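Now, the feature entries from TrEMBL:
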DOMAIN    91-340  domain 'G-protein coupled receptors family 1 profile'
TRANSMEM  76-97  transmembrane segment
TRANSMEM  109-136  transmembrane segment
TRANSMEM  148-170  transmembrane segment
TRANSMEM  182-204  transmembrane segment
TRANSMEM  247-275  transmembrane segment
TRANSMEM  287-307  transmembrane segment
TRANSMEM  322-342  transmembrane segment
Amino acid sequence: MDGSLPGSSIHGIFQARVLEWGAIAFSSHALKRSKSIGLLSLFLKGSVTPLVMNNQTDVTEFIFLGFSNHPNLQGLFFLIFLVIYLTTLLGNTLIIISTGISSALHTPMYYFLSNLSFLDICYTSTTIPVMLMNFFREKKTISYDSCLSQVFFLVTCAGAECVLLAAMAYDRYVAICHPLQYPVLMSVKVCVFLVTGSWLCGLVNSVTHTVLAATLTLCGPNQISHFLCDIPFLLKLSCSDTSLNEFVLHVASATIGLSPCLFTAVSYILIISAILRIPSAQGRRKAFSTCASHLTVVVVFYGTANFNYDRPREGYSLDMDILVSVLFCVMTPMLNPIIYSLRNKEVKCALRKLVGGCPTATPKPGFHEDPGTESTIFMKLDLWHSFNFIFIQGVEDSLPDM
């Protein structure tokens, strides 16, 4: 006989059902909570891991691979580039000093030359000292900030030299094609304006590239297959979008590089056509000698620059890349004073003044030098010469010897 109260069995069944429903609800809530925790942990794991990886791959220094293929020749390389650097400093410094101490060299041509020499000193001093120090290091490194600084000064000097060479071509064009207007067209104000404009073009171009390079996200590896920092090498190491940098680089190449080159080419086309119209062979030879040195410098500069930046990168070894860059970045600044001015008798006379004086040159018979015309010489001819012959002789004798 069951002693339970009537309906107690129903009450027990109801309690069991309630407990079962509660257990099911609690287990489903626990399952949802565990899933939420799992998703949160996966999210945190995915967000933390890249931070850790970025901290591990952020570039704080660069390793130069230039000259690394010849570890046994580091001492020889050091001596060679030390001699080149000292020769560059000596030659360009002598140009600056000679143009300052000699009144005969206070002309637009030598004013441009002194600025070109100063540019070459800055250009080589940006790259060669770092390279010389790295010859004694097992790991040839440069810090991130030093690399950007090198890019800034390198691009500034290169851009300013491109525009300055075009200004020097304009000077030669006026001297040969418009000799009687030379004192007016190449006045002191014009020369200062051209030199200042050259520096400003290089500076604006360099600031733009350096600021854009500083915004790049650089990831490993941090190795540069060269002995200096330059914009194309940093773009290769970037793991971010470089489309803006490449666009600005192409625009700068057209404005700072190609435009002065075309201007120089057009100037020399006009110069050569004017020289060919001179009837005497001696006159043509004298006229051509005034621009031959500058033309040589232009061909060397733009030739090595074009081969260094515009040639295809595939199919060339590291040694060939280094050789081409050495010709452009190291040899050209050393050759400029030798090609352009050190063989000039006026420069040699100015240098001799430093050690004992130089005899004053006597004027040629039949010539008169006007001191107010910046070395423009006019010939005294008889009345029976035609005006055309007078003009041609004036062109021949108004050009300074180079």
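Using N, Cα and C of the backbone, Cβ positions are placed for all residues, glycine too.
Just so you know, TrEMBL annotations never went through curation; they're auto-generated.
Beyond its flanks by at least six residues, the transmembrane segment (148-170) meets 109, 112-113, 115-116, 119-120, 122-123, 126-127, 130, 142, 194-195, 197-199, 201-203, 205-207, 209-210, 213-214, 228-231, 234, 252, 256-257, 259-261, 263-264, 267-268, 294, 297-298, 301, 305 of its own chain at Cβ-Cβ distances under 8 Å. Scored by C-beta pairs under 8 angstroms, the transmembrane segment (76-97) has its highest count with 322-342, from the stretches 182-204, 247-275, 287-307, 322-342. Within the chain, the transmembrane segment (109-136) has long-range Cβ neighbours (under 8 A, six or more residues past its boundaries) at 64, 66-67, 74-75, 77-78, 81-82, 84-85, 88-89, 91-93, 95-96, 99-100, 142, 146, 150, 153-154, 157-158, 160-161, 164-165, 167-168, 171-172, 175, 191, 194-195, 198, 227-228, 329-330, 332-334, 336-337, 340-341, 400.
Here the domain 'G-protein coupled receptors family 1 profile' (91-340) has a mean pLDDT of 87 out of 100. Sequence-distant neighbours of the transmembrane segment (322-342) (same chain, 6+ residues past either end, Cβ-Cβ under 8 Å): 66-67, 81, 84-85, 87-88, 91-92, 94-95, 98, 110, 113, 116-117, 120-121, 123-124, 127-128, 226-228, 293-294, 296-297, 300-301, 304-305, 307-308, 311, 348, 402.
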